[in-house]
Every structure is written in C-alpha cells, then in structure tokens.
Amino acid sequence: MAYPFQLGLQDATSPIMEELTNFHDHTLMIVFLISSLVLYIISLMLTTKLTHTSTMDAQEVETIWTILPAVILILIALPSLRILYMMDEINNPALTVKTMGHQWYWSYEYTDYEDLCFDSYMIPTTDLKPGELRLLEVDNRVVLPMELPIRMLISSEDVLHSWAVPSLGLKTDAIPGRLNQATVTSNRPGLFYGQCSEICGSNHSFMPIVLEMVPLKYFENWSASMI
C-alpha cells in the first residue's frame, strides 16, 4: 500500500515483486559504485597537476575498460532475464480472468464461470465513505483467491491502456486486437490498488484498479453469490 511522501517501493505482495525489489537494490548498488568511481576520477583530474601528455598507447588500460563494463552489464542482465522468464511463465493457473480496458473504466470476465462478469468504475469523490481513498475506489472490486496462480488476459476495446498494480509487480499493456497475459499471485489477503498507466484520453486518471485477495473459501462463497 502506498502512503503520502513515500520514497521507496510499495511493499511486495507477490513473489515477482519481491524479485523486482531485490533486482532494484542489486542494480542500484552497481550504479552507486560506478558513479562513486567516476566522481573520484573526475576529482583527481581536476585537483592533480600530474598528466601523461606523452602517453600514446596503453593496451592494458584499454583492455580493462573494455572487459570491466562487459562484466558489469552481464551482472545486470542475468538476473533481469531470470525475472523476465518468471513473469512470462504461467503453469497450470487456478483461475483465468479476462480484463478489457475502455474509455474510461475496466471490465472483467471470469472465464471459468459462465456468467461472472462486470464493469468496474471509479467511485466519485462525492460518494466516498469515510476511510475510502480518493480516485482509487471502485464500485466493483476484482475478488481473487490468494496464494494461487491466476492468469490475467488483458486487452482493450478502444485505445491503448495499461493494467498496473505496483505492489504485485504488475504492469501489462492493454492493446486493441491483441491479448496479453500476466500472472497474479498474492502472498497475503488484502486490498491492492492500481491505475491505468498509459495515457488514454481526458479521463485517464480516473481508471483505478482494486484487487481484493481473499482465502479460497471466501472466494468460492463470493463467486457463488455473483452467479
């Protein structure tokens, strides 16, 4: 859950987001070390009067500054490729939910059930109850079972949208005529908020997403009441 003046990432709720957080810290450490080294070299060049104007060739130095960046790029690329593979891999999903973007709301269809589908609109500020979040609450939440792999099929009816829930490490483009997929797995119950992350028109800012992750028993009761 995000909070005012937050400086870091949202708390990870899925295995993918945990991996992304660790990768962020790993990459940030490498960038910090490189930046410190470059600033140190620049400071030496500005403060020292020692120069090598007669140096015409330095094969050892050239070898080092060719190999070292390649090694650093490999250290960044390998964990990145691993996470990309994890995000694309979907094995035996327990549930499939089709998400369609519209100007300016989302519609959801639980494809494993015959008549379980609904539209999800933002609740206007004037209709909010005490404790509800402005521009983030919806009239119909997406209820999903926790601790189970869920496949989200994402597309659009009109223009480009993007279905994003930061605490779950999700951001998938909704493209007209194309069906993208993502995996949702939550480690704990709760409400998780997101928004459309692709500028899609004048009301782009009013397309919130709310996932309600519940135990499997509660999800079965909810789905039975919705059919």
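The backbone N, Cα and C atoms fix where each Cβ goes, glycine too.
Lifted from Swiss-Prot, the feature list:
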- H161, C196, C200, M207: Cu cation A1 binding site (BINDING)
- C196, E198, C200, H204: Cu cation A2 binding site (BINDING)
- E198: Mg(2+) binding site (BINDING)
- Y218: phosphotyrosine (MOD_RES)
- 1-14: topological domain 'Mitochondrial intermembrane' (TOPO_DOM)
- 46-59: topological domain 'Mitochondrial matrix' (TOPO_DOM)
- 88-227: topological domain 'Mitochondrial intermembrane' (TOPO_DOM)
- 15-45: transmembrane segment (TRANSMEM)
- 60-87: transmembrane segment (TRANSMEM)
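Sequence features, as recorded in Swiss-Prot, placed on the structure.
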{"residue": "H161", "record": "Cu cation A1 binding site", "Cβ contacts under 8 Å, 6 or more apart": "G101, D173, A174, C196, E198, C200, M207"}
{"residue": "H204", "record": "Cu cation A2 binding site", "Cβ contacts under 8 Å, 6 or more apart": "W104, C196, E198"}
{"residue": "Y218", "record": "phosphotyrosine", "Cβ contacts under 8 Å, 6 or more apart": "none"}
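For the recorded Cu cation A1 site, residues H161, C196, C200, M207 set the reference point as the centre of their Cβ atoms, and the other residues of that chain within 8 Å of it by Cβ are G101, Q103, W104, W106, S162, A174, Q195, S197, E198, G201, H204.
For the Cu cation A2 site, the Cβ centre of C196, E198, C200, H204 serves as reference, and the other residues of the chain with Cβ at most 8 Å from it are G101, W104, V159, L160, H161, S162, S197, I199, G201, M207. Model confidence over the topological domain 'Mitochondrial matrix' (46-59) stands at 71, taken as the mean pLDDT rounded to a whole number. M207 (Cu cation A1 binding site) counts 27 other C-beta atoms within 10 Å of its own C-beta, drawing on all protein chains shown.
In this view, E198 (Cu cation A2 binding site) is surrounded by 18 other Cβ atoms within 10 Å of its Cβ, with every protein chain counted. C196 (Cu cation A1 binding site) has a Cβ environment of 25 other Cβ atoms inside 10 Å. In the shown protein chains, 21 other C-beta atoms lie within 10 A of the C-beta of C200 (Cu cation A1 binding site). According to its DSSP assignment, M207 (Cu cation A1 binding site) is coil. In the three-state DSSP scheme, Y218 (phosphotyrosine) falls into the helix class. Helix first, then strand, then coil: DSSP counts for the topological domain 'Mitochondrial intermembrane' (1-14) stand at 0 helix, 0 strand, 14 coil. Long-range contacts of the topological domain 'Mitochondrial intermembrane' (1-14) within its own chain (CB-CB distance under 8 A, at least 6 residues past either end) are made by residues 20-21, 24, 166-170, 184-188, 190-193, 213.
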